[in-house]
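Per TrEMBL, these features apply:
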TRANSMEM  41-61  transmembrane segment
TRANSMEM  98-115  transmembrane segment
TRANSMEM  127-146  transmembrane segment
TRANSMEM  177-195  transmembrane segment
TRANSMEM  201-223  transmembrane segment
TRANSMEM  288-307  transmembrane segment
TRANSMEM  360-382  transmembrane segment
């Protein structure tokens, strides 16, 4: 009889767990309208969307034709390293010389071996599909911690974007790899693992240099969190990792490696531009135009530092002496967005540089004049602009107009760091 009692006791917990799950699901169904509007349901909506994305991504891989653009060039570049060439000036593929840092070489060298020397495209597509799902999970974790964006917006961030699916699984660009590492670093920053976060951030930079657009925001956060003295070791982590990764190439030809992998003056082709199609090609290629964009970029960053990223009445010098918590996501996403607004050129694969940050930029800052419908319209116009191939004067102008709306909202919105929130434990 005692045995029977023990057996019934063990059988007790599963029904209770099942009952709790049923009760939770019933409540979610009853509050289905809130399910789409309340940020506290982010993880539930994210789980459903990720499951849907498994099917959508699988369908895209098997039903939509793969388009060769840079994959063969990537494989040729890393094959040169495998064959013993460490001089960056001698490494090139079908589309030109190798222009990415050493982290790119190591990661795509691994893909080279896994995909049968780059010949198994279907395997590569499935690997990038996993990368896409992992990126979504990292992004959803960020949104869950910030609790700012209504869950219904995530549908437009996932299932509705043809261009992003194409960049990941139909084109196999290196941009998604860099952004996945970047979102991993942001999750580490939110968890207060600043050292590991800086390590992942530097690793993302070593895949593609566009991640440096987040660097001004990160520097500001480090200074406010640790002060000048505490920031230096974190910057040291970033620098040392770059040296370690690039050491074989630095020993062979340091000038060649640095000039190729971190070429800030690289010229872009006018025929691929998404954002400046309405300009004459001569102006697009003119050095004065590039310098004007850089000056505007730096000036706007300075304005946000002085007026938007620190507490009202607080001097910049005091931030170096009295570090405090900041809204990490707001600062990093805004820093990157400002850089994109004033980029010399945006190519189609660059969409992933800021695509997953757009919902936060549009919804995290309250603005009465920008309703849900208008925000969705901005998202839709941006998606349409990036899906217009070749780009037109109208699509480029529409893209800039949408960027201007977002910038205006970020500037006119409430102060993100009010004095009353100085001791807030929220990381966003």
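Glycine is treated like the rest: Cβ placed from N, Cα and C.
Because TrEMBL annotations are produced automatically, they should be read as predictions rather than curated entries.
Here the transmembrane segment (41-61) does not lie next to the transmembrane segment (288-307) in space: the count of CB pairs under 8 Å, restricted to residues six or more apart, is fewer than 3. Taking Cβ pairs closer than 8 Å, the transmembrane segment (288-307) reaches residues 216, 220, 279, 316, 334-335, 338-339, 341-344, 407, 410-411 in its own chain, all 6 or more past its ends. Long-range contacts of the transmembrane segment (127-146) within the same chain, counting only residues at least 6 positions beyond its ends with a Cβ under 8 Å from a Cβ of the stretch, are 39, 42-43, 46, 49-50, 53-54, 57-58, 61, 111, 114-115, 154, 157-158, 165, 168-169, 172, 176-177, 179-180, 183-184, 186-187, 190, 329, 356, 359-360, 364, 426-428.
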